[in-house]
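Feature list (source: Swiss-Prot):
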BINDING   Gly39, Val40, Thr41, Gly42, Ser43, Gly44, Lys45, Thr46  ATP binding site
DOMAIN    26-183  domain 'Helicase ATP-binding'
DOMAIN    431-593  domain 'Helicase C-terminal'
DOMAIN    631-666  domain 'UVR'
MOTIF     92-115  motif 'Beta-hairpin'
Amino acid sequence: MRKAFKLHSNFKPSGDQPEAIHQLKEGLKNGLMHQTLLGVTGSGKTFTVANVIADLNRPTMILAPNKTLAAQLYGEMKDFFPENAVEYFVSYYDYYQPEAYVPSSDTFIEKDAAVNEHIEQMRLSATKALLERQDVIVVASVSAIYGLGDPDLYLKMMLHLTKGMIIDQRAILARLSELQYSRNDQVFQRGTFRVRGENIDIFPAESSDFAVRIELFDDEVERLSLFAPLTGHIQKTVPRFTVYPKTHYVTPRARILQSMEEIKIELAQRREQLLANNKLVEEQRLTQRTQFDLEMMNELGYCSGIENYSRYLSGRAAGEPPPTLFDYLPSEGLLVIDESHVTIPQIGGMYKGDRSRKQTLVEYGFRLPSALDNRPMRFEEFESLAPQTIYISATPGPYELGKSAGELIEQVVRPTGLLDPVIEVRPVATQVDDLLSEIRQRVVIDERVLVTTLTKRMAEDLTEYLAEQGERVRYLHSDIDTVERVEIIRDLRLGEFDVLVGINLLREGLDMPEVSLVAILDADKEGFLRSERSLIQTIGRAARNLNGKAILYGDKITVSMKKAIDETERRRKKQESYNKEKGIVPKKLEKKIRDILELGQSYTKGKARKRTTTLEENSTNYTALSPKAIKKKIDELEQKMHDHAQNMEFEKAGQLRDEIQQLTLLLNAPQ
């Protein structure tokens with residue numbers, strides 16, 4: 001097979017990486033369905049996986065436990081494979097309130113959602129790449145197990161255009177409407193088309209940087225060209241082009257009409273059941289809602305909440321799993337599950353929560369029983385669909401260990417020669433004062449500190465106390481959204497503050513080489529936050545620093561603490577022995593802060609890097625402006641910032657806010 005993946009890197013595998021790469025490749029070639037890579041923090045697990053993908057030449061899906069980690073992996077894979085299709089597939093909701101009913105207060109909550117258009121475009125781009133190419137890496141969140149349009153119907157709906165084909169202009173416009181594209185001759189944006197004489201311009205739903213122009217001569221396609229939507233500049237002419245549907249949920253008209261008949265039959269049966277049980281209100285409610293949906297489907301081809309009829313629209317039998325992203329992954333595909341100790345339980349937990357909410361809606365006449373089949377996959381369905389799988393974690397869970405028959409591929413030695421942190425246990429009685437002393441030692445040498453507490457209240461009190469003592473401290477909690485969380489991590493790395501206090505900092509999983517101390521308060525309180533796995537993960541946050549140290553405050557050493565300390569010590573000894581044998585001197589890890597910055601922006605392919613340099617470039621340009629020109633620029637940027645905020649584009653608004661602050665400083669600076 002032709003080698004499709006081209007790995008770009010300035011580094012060669014080193015440390016434990018070559019052996020890990022070899023073992024993973026051999027296991028996959030020998031048909032092993034499950035392998036577990038135990039890789040410590042900072043050991044280059046992503047680079048190991050990139051080498052395996054490149055050598056085996058297989059389309060790959062990488063599952064991450066949250067959007068933040070998915071974005072980090074996406075950025076790293078884009079750097080490793082700039083010539084290949086690296087795609088991003090996460091939930092496209094910035095905000096999502098599912099439909100629900102609370103019987104105790106007789107409250108019905110309508111579905112409400114805000115869709116992030118850019119992520120929707122990237123999802124469409126991901127499925128297009130899986131259908132068209134072999135060299136694909138899709139980085140996804142647990143969103144991958146939720147229902148998606150049926151790939152067979154999706155393929156049938158595509159509009160294939162070739163130069164010289166005979167097709168009427170009206171026929172093209174009708175097909176575009178079926179694909180849910182809308183005509184807009186004034187504003188040309190993603191998912192729209194416009195007509196100018198005999199030319200039709202289409203802005204593909206999965207594209208962010210090009211549109212296609214169909215030039216007709218009578219009923220013949222004379223020319224197909226790709227052009228820049230903003231400037232209209234022709235980029236190139238092409239012999240053929242395929243227009244993909246605007247959404248994954250598009251359905252042919254014939255299938256919609258057939259589905260409507262099936263829905264009517266189910267409605268009649270359900271009405272009989274409700275009337276037989278004297279549920280008159282529920283029967284009337286269900287009839288009214290379903291008939292309204294049927295009317296909308298007949299007239300427009302879709303309705304609000306059409307996903308609740310997905311069983312009929314995709315032609316599935318009752319109880320069958322929904323089509324998901326896994327149905328788009330080729331049969332020879334590979335699955336990599338990152339932070340598997342978190343991701344696997346997530347996959348298992350999605351179905352039950354969804355089922356219980358929908359069961360109430362069905363029982364009280366808000367939905368037909370078939371709505372229960374609009375659901376995420378069950379765990380056993382996920383297992384049956386998953387291709388050959390590699391689990392990656394510093395602390396693998398019981399599921400992965402069981403599936404791998406207890407055999408682990410270890411990646412403990414870091415290419416940089418860095419050792420696991422030194423661990424000290426200190427008494428609880430003086431933990432806060434001792435911590436303050438340790439923080440001050442780190443601040444002097446420009447290093448950062450992470451502190452993890454057991455409760456929200458304690459985290460708040462500690463943050464307040466440290467601030468009163470003159471320390472630059474921030475508090476990370478569950479109410480902070482993904483983007484702001486990334487910005488806080490970025491500010492910590494930039495030195496905007498020195499100490500970050502949180503409850504469950506281990507879930508971040510972000511690279512913070514500047515952190516040299518992790519302090520775990522009340523480490524001797526057994527429980528979820530102080531389990532062996534949690535302690536190892538938290539200690540690992542200091543593993544990227546040359547002076548990495550972890551202090552566990554506890555009056556006794558619990559079983560979990562002992563296991564975590566012993567495991568860290570075992571790894572440290574192995575690392576020291578390797579360094580001594582090879583003559584390696586541990587090196588400070590240099591990770592550009594730009595890498596983290598890119599995660600906080602909207603995930604625009606190929607453009608994030610340009611955007612992060614904007615502030616620096618502009619500061620140089622602004623110094624040449626007069627005070628009057630600077631004031632005018634501030635007013636202009638403030639207007640844009642408010643517009644972005646109104647459109648819920650908070651990342652862009654935040655970027656402009658930073659620029660305005662810089663201009664204000666420039667304006668107030670002594671001349």
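Every residue gets a Cβ built from N, Cα and C, even glycine.
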Surrounding residues of the motif 'Beta-hairpin' (92-115) on its own chain - C-beta under 8 Å, 6+ positions past either end: 123, 304-305, 357, 360-361, 364, 366-367, 648
Counts by DSSP class (helix H/G/I, strand E/B, coil) across the motif 'Beta-hairpin' (92-115): 3 helix, 15 strand, 6 coil
Cβ neighbour count within 10 Å of Ser43 (ATP binding site): 27
Helix, strand and coil counts within the domain 'UVR' (631-666) (DSSP): 33 helix, 0 strand, 3 coil
Model confidence over the domain 'UVR' (631-666) (mean pLDDT, whole number): 82
Extra residues within 8 Å (Cβ to Cβ centroid of Gly39, Val40, Thr41, Gly42, Ser43, Gly44, Lys45, Thr46), ATP: Thr48, Ala394, Gln411, Arg414
Which same-chain residues, if any, lie at least 6 apart from Gly42 (ATP binding site) yet have Cβ under 8 Å of it: Arg414, Thr416, Leu418, Asp511, Gly540, Ala543, Arg544, Leu589
Neighbourhood of Lys45 (ATP binding site), C-beta criterion under 8 angstroms, separation at least six: Leu37, Gly39, Asp338, Ile392, Gln411
Same-chain residues at least 6 apart in sequence whose Cβ lies under 8 Å from Thr41 (ATP binding site): Ala394, Gly540, Arg541, Ala543, Arg544
C-beta crowding around Val40 (ATP binding site), within 10 angstroms: 26
